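J.: Can you read through this structure? Questions will come right after.
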Ligand SMILES: Nc1nc2c(ncn2[C@@H]2O[C@H](COP(=O)(O)OP(=O)(O)OP(=O)(O)O)[C@@H](O)[C@H]2O)c(=O)[nH]1
Ligand SMILES: [K+]
Ligand SMILES: [Mg+2]
């Protein structure tokens with residue numbers, strides 16, 4: 001028999017006041033009844049003695065809840081046991097469950113995966129749940145809860161409905177080639193309108209800076225004082241400082257919260273024509289980090305290559321007599337005296353704040369944004385085309401992108417990675 005009914009401790013590590021053990025699958029009710037006697041009616045609770053089905057030994061007194069498929073968290077029959085949270089109690093109950101032929105311990109994330117596979121949640125909600133469980137700050141929690149409770153799923157459903165209507169229009173145009181120009185123009189403008197709505201969503205702040213911190217990269221020529229500045233910001237000696245140009249090679253990352261705004265500062269190698277191989281690898285990385293930064297703190301004159309995003313020019317070593325005059329538009333700082341550091345951090349905080357999602361907003365992650373960008377591109381092509389066959393094909397591509405977004409189609413590759421993020425028992 002397939003051991004497709006799973007169980008796990010779903011609450012935190014014992015000892016605790018109460019531990020919650022969940023059982024999900026076709027054998028859950030049978031196992032629950034053999035452990036606890038008669039189960040309560042669906043979606044209600046009862047207090048029962050738990051007894052070992054093998055020996056009849058009294059294991060614990062527990063609160064039992066019963067849910068019937070398909071209206072349960074996993075979409076399957078579920079039993080929840082709220083036991084006393086001692087280590088030995090939990091071990092004894094888990095041991096008793098393991099004795100059932102049809103039951104096996106769950107893998108991490110397996111309850112949530114089943115909820116997804118049974119259509120109780122879509123992929124965006126599963127991603128939101130993973131973010132919610134991992135959330136460490138209030139703003140991370142706020143961003144995750146909206147997605148976890150279906151905010152993005154509902155949005156995508158409305159886009160998909162509009163897309164289906166457009167597809168029907170395009171199919172009709174294929175069948176009746178002599179359709180009027182007015183209909184064709186309407187179809188084009190409807191495609192363009194949906195594309196531009198997707199574009200507006202893509203322009204909104206994303207979830208990554210909230211989770212990983214806004215990436216603030218300190219870069220500039222050698223000996224400009226980059227590592228000294230990082231140390232002054234961190235308040236400790238994170239990076240090596242010497243008078244030798246080319247000291248820093250490896251990137252040094254300093255995560256910091258500026259009044260609740262998460263920032264990841266990165267110190268980089270001074271950028272110049274490298275004199276040795278190790279340094280040139282460091283410089284290569286510095287260039288890449290600068291290009292990928294959200295905010296670039298450039299210690300020097302204008303940075304070597306233009307960059308998208310925000311650049312803040314820093315006039316370092318402002319304590320030195322020959323460095324008294326800062327060029328206009330730059331912030332004068334001294335790592336030595338601390339001059340300008342507070343102003344600099346306030347500027348960084350203000351810039352970073354604009355890159356974070358608003359508290360009540362639905363923020364896209366990279367995977368979701370890439371798929372919405374695919375749909376936007378396909379709709380853009382459809383809006384430009386006069387050939388109904390090509391339009392229909394682009395609309396089909398847009399729909400595939402939406403279906404991968406919500407997990408209706410073509411997502412096997414992301415499932416293991418996503419559900420692997422969950423802890424055991426979730
Ligand atoms: N007077 C003064 N000296 C500074 C200041 N900041 C750094 N220095 C000195 O400048 C030299 C270079 O400082 P670093 O912080 O190593 O400069 P860097 O830009 O990280 O250098 P590389 O990693 O080699 O590219 C050291 O001798 C520092 O003591 C400052 O604010 N005032
Ligand atoms: K140096
Ligand atoms: Mg350095």
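Cβ coordinates are placed from backbone N, Cα and C, and glycine is handled just like the others.
Note that this is a predicted model, so its numbers are computed, not measured.
The feature (6S)-5-formyl-5,6,7,8-tetrahydrofolate binding site is assigned by TrEMBL to 22, 80, 120, 426. Marked as GTP binding site by TrEMBL: 223-228, 242-248, 267-270. Among the features that TrEMBL reports, K(+) binding site is placed at 223, 242, 244, 247. Look at TrEMBL and you will find 227, 248 tagged as Mg(2+) binding site. As annotated by TrEMBL, domain 'TrmE-type G' applies to 213-353.
Give me the lay of the land around each of these features.
T.: In sequence order, 10, 108, 109, 111, 112, 129, 133 are the residues of the chain that are 6 or more apart from residue 426 ((6S)-5-formyl-5,6,7,8-tetrahydrofolate binding site) and have a CB within less than 8 Å of its CB.
DSSP assigns residue 227 (Mg(2+) binding site) to a helix in the three-state reduction. Residues near residue 227 (Mg(2+) binding site) in space but far in sequence (CB under 8 A, at least 6 apart, same chain), listed by position: 239, 240, 241, 247, 248, 252, 267.
In the structure as shown, the Cβ atom of residue 223 (GTP binding site) sits within 10 Å of 20 other Cβ atoms.
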J.: Go through 242, 247, 248, the listed binding-site residues, and name the one with the sparsest Cβ surroundings, counting other Cβ atoms within 10 Å.
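T.: Lowest Cβ count within 10 Å among the binding-site residues (242, 247, 248) is 242.
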J.: Could you check which of the binding-site residues 22, 80, 223, 227 have their CB within less than 6 A of ligand 1?
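T.: The binding-site residues passing the 6 Å Cβ test are 223, 227.
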J.: Check the Cα distances from residue 223 (GTP binding site) to each of the binding-site residues 22, 80, 120, 244 and keep only the ones within 10 Å.
T.: 244
J.: Of the binding-site residues 80, 226, 248, 269, which ones put their CB under 6 Å from ligand 2?
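T.: None, by Cβ distance under 6 Å.
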J.: When the pLDDT values for the domain 'TrmE-type G' (213-353) are averaged, what is the result?
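T.: Averaged over the domain 'TrmE-type G' (213-353), per-residue pLDDT gives 94.
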